[in-house]
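What follows is a set of notes on a single structure, which appears directly below.
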C-alpha cells in the first residue's frame, strides 16, 4: 500500500505545479496583451564584427493594437550606454517616431533603421562602417504611452590596422612584398576602408603605405610640414593614387582576430632571437607575429618591456603611456637599429620575448627560422621568408609589361627562360598561347633552402627529372641588396635589367623550421635541379644561403641535421669531391603557354645538375663564393659610370695571350700543393655518363664535367677516378666563368681529357661547344681562416669552400643582342658574326668579335699560360660602345700551340653597354692603397677588407681592371697567383683591323677612372676618391653611402621646454612655447611670481589649505589665474607631483551635465579618468573633478562642496622696460625684461629737483607701479623778490582776479607715462 500511495501523491503534486504554471503563463500573456508592447529579447550574447564592416544590432518588439492607443505611436531610442572598457556612457544615437528618424550629429551617416518605415516593430540598428571605438553596450528603448521596454545589445569590434616598415629601410616594399609582409605578420593588407576607420579613431602616421587597391595612402589627424599630401593643412587620409606595383613604400596591414593568447616571456637573462624562439617552444608556443602583438595590445596587453617577434623585430605594447615607455600615446612601440627609425636589432642582441599560443593549434607563418649567427647578413625584410603564391589569373590582376623600343634577338623571337624544377603542381599563366614571353622571376625576396649531402652519399647519379616552367617578366629594375661578408664589409648586389636576370632560381616554398634559410635579394632567374641517387638534393651555389647542414650529417632519406652549420652568405662548404661530376648546364627555348611552379624546389648534386638561364646571356650572373682560407670576393657597388676598353688585339713582348670569358682563382700554392683543374664546357649535343645519356635538342646545350689528373697525361674515366677523404685535407677555391665556344666536332659522349703535369689541358679537341668553366682544387697546407662561429678543430667542419665569381650582365635595355640599328647582330647559337656597316660600334659578347668587313669567324676554346697579362687601353669617342670584360685570372709559364700569328693578343668578350657622350677613360695606373685593391693582382693575392690587407701587397703588381659600364656598377675581383689563364682565340682569314682609339702597344696597363668625376654624393656631400673606390662625407642631416638618406633630426628631441621640433632639409627648427626662446628653446625669457613653479610656459602653485571648489577657483582668479587645466600626460605628472592628497582641478560640468569644461576655457584635449568615471553618483550632482592621489592622480567627479587642496595655474609673468619719466633717468643698466617684484629707482637729471618717491616695482600681473617722482627746476631769488613785490603792489586788486589768474605757477607738463594709463595698475 505504501508504494501506490507515494506514486499517487507525486502525481497529484505534479498536476498542481502544471496548473499553477499554466495560470502564470496565462497571466503573463494577459499582461502582455494588456500592455500591448512586448520586447523580443534575443539574448544571444555579444554581436561581433570586424573593423570597417556593417553590423546590425537587433531590436524587435510586438505591438498589440488597442483602441485607446490607436493614436499613440511607439517611440524608439537607441543609446550607447557603455564603452568597451566598461565606462558608463549615455550617448544618444537616434530617436524614431511616426516614421521620422532623427540621428545625433556625431552618428550621422553611420546609423540607420533599414526596416523601420515598413515595419515599425523592427527597430534593428544598422551601424557602420565600424570603428574600434564603437565597441560597447547599446540600449534599444521602445516607449508607448506609459509602457516602456528596453534591451541591451553588446557590440565587439575586432581587428586593428597597423603600419609595417621593412627591416631594410623606409619605403622598401613593392606591392607584392607588402602583401607578403602582411601575411607573415598574421594579417592582410589593409583596404582603404580599414585605414579610414582607423583614422576616424585618431590613427595618425606620416608614412605612405600600400593598400589593397594598389593605392598609397597615409592618415593625418594633425597636419604638419612634410605630411600635407593632397589635403594641404586639412586632416584626413592622404592619397598618392594608384601606383605602379614595383614602386617602393611601406604598408598598412589589417589583423582581424587573434585566435589565441600572446604572453610576455621575461627570463632573468635576456634572450637572443634564437633563444627567444627556443624559449617560446619550450612553453608550447611560438614567437608572436607583429599582427598578433597588435591584436593583443588592442585587447589590453600593456607591457613596457621590449621583446623579440617572429619577423626579427623588437616591439612592446603600451596601453597607458608613462615615462621611459616610448612616448605620450598608446600603441605598439618598435625598437629600431638606426637613428633614422630603420632596421631591426641584430639577432645577437638580447631582449625579452612575446610568445603566441593558439587556442586551436594551427601552422604559424610568423615563427620562421632565420639565422642568428653574428656573421649572418642583414635581415633584408621585416617579415621572414615569404611563400611565393601562384599568380592570379589575368582577369584579376593587371599585367604590366615593359615597353620594347628595339628589335629582339636576331631570330626574331624572344629568348625564353626554361626553369627546370621539381614540383608537385602547376598553374598556367600565359597571355596568349604561342606567344613567347621573356622570363624572369617576379620582383621580391627569394629564400633559398639547402640540404647538404654527405660525402659518402655522393654516388652515381640519375638523369635529372624536371618540369619546364616560365616565370613572368619583371617590368622594372631592382634595387641593391646588402650582404655581410667575412671581414664585415657589406657587399651590394643589384638585379639586371628586366627579362635579363641571370643566376639561381630559388625555392618559392618557405623552408620549415628545420631548414637552413637566408633571404637573398634580388632573385636570380636560374633554376638548378638534380636528384641524387640517395634522394638528397643540394643547391649548386649554396653560398647564397647562410645556413648549411653539417657535412656527413645527411642520411639516405635526405633529412638534414637538426643543428646546421652557419656560414656567411659569401661562403659555402665544399661539396664537390673526387667522386662528383660538375653540374650540367642546359639552355632551352620555350614558347606557348607557360606557368610558374606552385612550390619549386632547389636541388644540388655533385653528380649532375640541370641549369636553366636566359639564352641571350648565360654568363650574365652567378653567385659569389669564397674560401675561408683566402677570401676571393667580388663586390658590386654603385652608382658610378665607368669608361671601358674596346676588346681589340694588341701586341705583347711576352708569350702570346688571349683573353676570354673564363676565369679561375687560386691561392699561391706551396711546393707541396697539388692542383686539379676541372672543366665544364657547355655542349650543344647530347652527352652522358657510361651508357646513360640525357637527350637534348640542338637548342638545349649541356655541360660536361671533366677531371684532369696532375701527374699522368693518360685519359682518366670519370667512373674510375676517385680521391680519398677530400673533406679534412682539401681547401677548394672554385671560380666558374662561362664562355661560348663553337667547334665542328661531333659529340661522342663523356670521355677523359688528356692532361699534363702542369694540370693544364687542351679543350680544342672537346666534342662539345658551349660554356667553358674551370675549377681548381688546391691541397693547401696553409692554415684556414674560418668564419665566425665555426670550430676549426671539429672533425666534421668543412675545411674549404668553392669560390664562385659573380659576373653581372649589364645591358642598356631589354635587347642585349642588338647594340644599335647599324650594329651587328649576334646569335649565341651561331658560329657566324654578321656585322653592320658601321666600324667599331657594336655590342660585345663573350666569344664574339666585330669587324669592319663581314666575314665568318670560328671560335674555339684555347688555353694559354703566361706570367704577363696585357689589358687593352681605349679612348672612347662619342657614341662608342663599351663592354663588360669577363673575369680572368693569372696563369703560370706554359703555352699551347695556337693557329694564329705570334704576338697577337685578343681581349675577352664583353657585354654591351652604351657610353654617354663626352666621356673618356683616363689612362694610367692608379695608386691603390693596401687593403683596398680593385682589380686582380698579379703575383700576390689580396682580399677586399675594411682597410687592412690579409696577405702581402706588392705595389709593383700588374693590375687587371675589371669594371662595368653605364649601369653604374663596379666589379672588383681579387685573385691570387699563379693559376690558369685561358682565352678565346679568333680563327679568321685576313688581318683584324685595329679599333679606333686603341693603341697597339704591349705591356701591362690599366684603365683608371675617377669615381668622383660625376660626384655620386647627394645633398651636397663631398666625394673622397681612393683609387677606384670612393667615400662620401655627408653634411649634417644626411647619411648613407651616397648621402641619400635624410636623417630625421627630430628623433632625438632636441627642443627643450616642450618645444615642437620640425625636421627640415639639412636641419630642424624648434617652435617654442610662450616665454621660451633660443634655437633649442633653451632660454627662459619670462619667469613666474614668487612661490610659483614654471613648466612649459605656465606657472603653477599648490595651495595646501582646503577650500570648496568654487572658493578655490575664486582664489586662483584673485591671483590672475584659474584652477589648473591639464593637456598632456607630462603636465599631469608635473601637477601630480605637488602633493599627496586629493586635489581640485579646473574641470567641471556645472553648466551642462556631462559636458566637462576647463575654467580657463581651454579645450579638453586630455583625459585621465578613473575606471567607470565620471558617474554622477550622488543625487545632488557631481559636477567638479578631483585628482585622486592614491591612484596616480586619475580623475573622479565629486560634489563641489568638498574642502580640498587645489592647484592654480596662470601664465608666465615678466615686466617690460620701466616707463620713462621726464627729466629723470634710471639708476643702473636698463633691461628688456624684469622679473616680478623687481624694483628700479629713478634719478632726476642735473639741475632738477626730485619730488615724491623715486622707486617703482614690477607687479605680479606684469605691470609696473605708476611712477610718483616729479623732477622740477628750482626758483631763482630775483624772481621770488619780483614776484613778492608784485604781489604786494597788487594786493588790493587781488580779489578782482579770477582763480585762474591768481595761480602762482603753471601746471607742470604731462608725463609720458600718464598718457598710457592702460599699462599701469
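From the backbone N, Cα and C atoms, a Cβ is placed for every residue, glycine too.
Between the listed ranges 795-819, 820-844, 845-869, 970-994, Swiss-Prot ties the annotation region 'Disordered' to 820-844.
Swiss-Prot tags one of the stretches 362-414, 627-679, 733-785, 998-1050 as region 'Disordered', and that stretch is 362-414.
In Swiss-Prot, the feature region 'Disordered' is placed on 682-731, out of the ranges 282-331, 682-731, 1082-1131. Checking Cα-Cα distances from residue 1081 (disulfide bond) against the disulfide-bonded residues (140, 253, 1055, 1070, 1258) with a 10 Å cut-off leaves 1055, 1070, in sequence order. For the disulfide-bonded residues 206, 253, 1208, a Cα-Cα cutoff of 10 angstroms around residue 1099 (disulfide bond) retains 1208. Within 10 Å of the Cα of residue 1050 (disulfide bond), the following disulfide-bonded residues from the list 140, 1070, 1088, 1208 place their own Cα: 1070.
Between the CA atoms of residue 1258 (disulfide bond) and residue 1088 (disulfide bond) there is a gap of 12 Å.
Neighbour density around each Cβ, counted as other Cβ atoms within 10 Å, peaks among the disulfide-bonded residues 253, 1099, 1215 at 253. In the three-state DSSP reading, residue 1116 (disulfide bond) counts as helix. The local packing around residue 1081 (disulfide bond), expressed as other Cβ atoms within 10 Å of its Cβ over all shown chains, amounts to 24. If you take the CA of residue 1072 (disulfide bond) and look 10 A around it, the disulfide-bonded residues you hit from 140, 1055, 1061, 1088, 1208 are 1055, 1061.
Here the candidates are the disulfide-bonded residues 1043, 1061, 1116, 1215, and by Cα distance the one nearest residue 1070 (disulfide bond) turns out to be 1061. Ranking the disulfide-bonded residues 206, 1088 by the number of CB atoms within 10 A of their own CB puts 1088 at the top. Counting every protein chain shown, 26 other Cβ atoms lie within 10 Å of the Cβ of residue 182 (disulfide bond). Break the domain 'Link 1' (160-255) down by DSSP state and the numbers are 19 helix, 30 strand, 47 coil. Spacing of residue 1012 (disulfide bond) relative to residue 253 (disulfide bond) is 42 Å (Cα to Cα, whole number).
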